[in-house]
Amino acid sequence: MIGIIDYGMGNLFSVSKALQHMDIPHVVSASPSELQTCKGLLLPGVGAFPDAMKSLEASGMKDFLLHQVNQGVPLLGICLGMQLLFEESAEGKGAAGLALLPGRVVRFTGQDVLGNRYKVPHMGWNDLTFYQRNDVLTQSITGGYVYFVHSYYVETMDPSIVIASARYETEVPAIVGKGNVYGTQFHPEKSATTGMAILGNFCNFIMKKEECLYGTIHNLSSY
Amino acid sequence: MLTKRIIPCLDVREGRVVKGIQFGNIRDAGDPVQLAKLYDEQGADELVFLDISATNEGRKTMLEVVRQVAATLTIPFTVGGGIASIADMRAILRAGADKVSLNSAAVRNPELIREGARYFGSQCMVVAIDAKYKRASNSWNVYTHGGREESEWNVIDWAQHVQRLGAGELLLTSMDQDGEKSGFDLPLLEAIQQKVYLPVIASGGAGRGEHFVQVFQRNLADAALAASIFHYKETSITNVKQMLKQSGVHVR
């Protein structure tokens, strides 16, 4: 069972539907006790970083997540959910994150090195440059476009955690991960075939870890 | 590299797609869910649904349509038409839409954009602008209520204002070009492009694949929307994308 964390920030419906398409058992819940037995966790989210952290803290979800990750439970953050994995964000008045990965979240400046303005948010389908091809999330993915919509992005001093990136005036970490903690800046649940394959990879990783066969992800081919 | 997006638009009234639609291979051409699926399969980058229901009953039906569409699509979609409050936005987003599009209600109460952006994030706040050229002032004015009412806003001023309020994207429809099939309104798009730093969806005037090439080669929009040319099979998304690729425009 995979747990989708509901902390009042965004569109859980599409993530849940994506898993449903792939016949992956999952539960959407705002309660740590309900998510206790999940073998993998998904942290979606859109909206503002400080509000999201407040909500995670108030519900006890922050402590729960840190504890589960420490126990080896795989975690995948999506979009804002990925940003929350890092140490801090400059969004709003600034806020500390979960600090599971090294780096900070900053806003696109909207101005290139020559002083020309560019558009924020980074919105639409962009392609990925892969640094780690056979990682958990990137297995069997050879390319393709994925859907981004965000105004903030991650800056990290540790290149080893950047599995793939996209180019939008600057280098935008698109898939990050270390150990059992992963994140995608784009929305895999909105990224057609490529996105479904990435979500499928994460679920496979959990299943393998669980050493238990839930049945195959046979619906993947229908995308 | 970020690609240019092609966005089919579906007008939905009382839960059914309106405007005759000619797809040979679907039996129930008026079903928004089936059409959405077909466009997804053809390579649409996003979809826009415009609810033109006249009744409250129709609006409730729209929520059910949104739920079903969300369960089917693997690409993002926007829902607009009659959204006038935070509660309306919440209902549509909770039903599974990725973005909401505001038009008349935003002109009447611009704070709605700021509030929406605060609650749901700028990324899901699309502001739809219906623009009509005014010879006397050599500029464009904003119209509301499906183009029936002229507002006091100049299009450029309004676009800059909604940008400040937290809009995430503009859906810019040229009322002058709409239905003409002679191409997008390039002067209007150019004027916006010089003054506004939000993603812009060009709308109104698409009649042939070349029209998409024109607007994207000159980088006058980030996405282009069309309804009838796709509905009536005058061209397909696949063909348009092929043509764009051959012209050196990056598409998915």
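Using N, Cα and C of the backbone, Cβ positions are placed for all residues, glycine too.
Bear in mind that TrEMBL entries carry predicted annotations, made automatically and left uncurated.
Marked as active site by TrEMBL: B:D11 (among others).
Residues or ranges marked as active site in TrEMBL: B:D130 (among others). In sequence order, B:N103, B:V142, B:Y143, B:T144, B:G146, B:G147, B:T173, B:M175 make up the list of same-chain residues 6 or more apart from B:D130 (active site) whose Cβ falls under 8 Å from its Cβ.
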Neighbouring C-beta atoms (10 Å sphere around the C-beta of B:D11 (active site)): 18
DSSP-derived class (H/G/I helix, E/B strand, else coil) of B:D11 (active site): strand
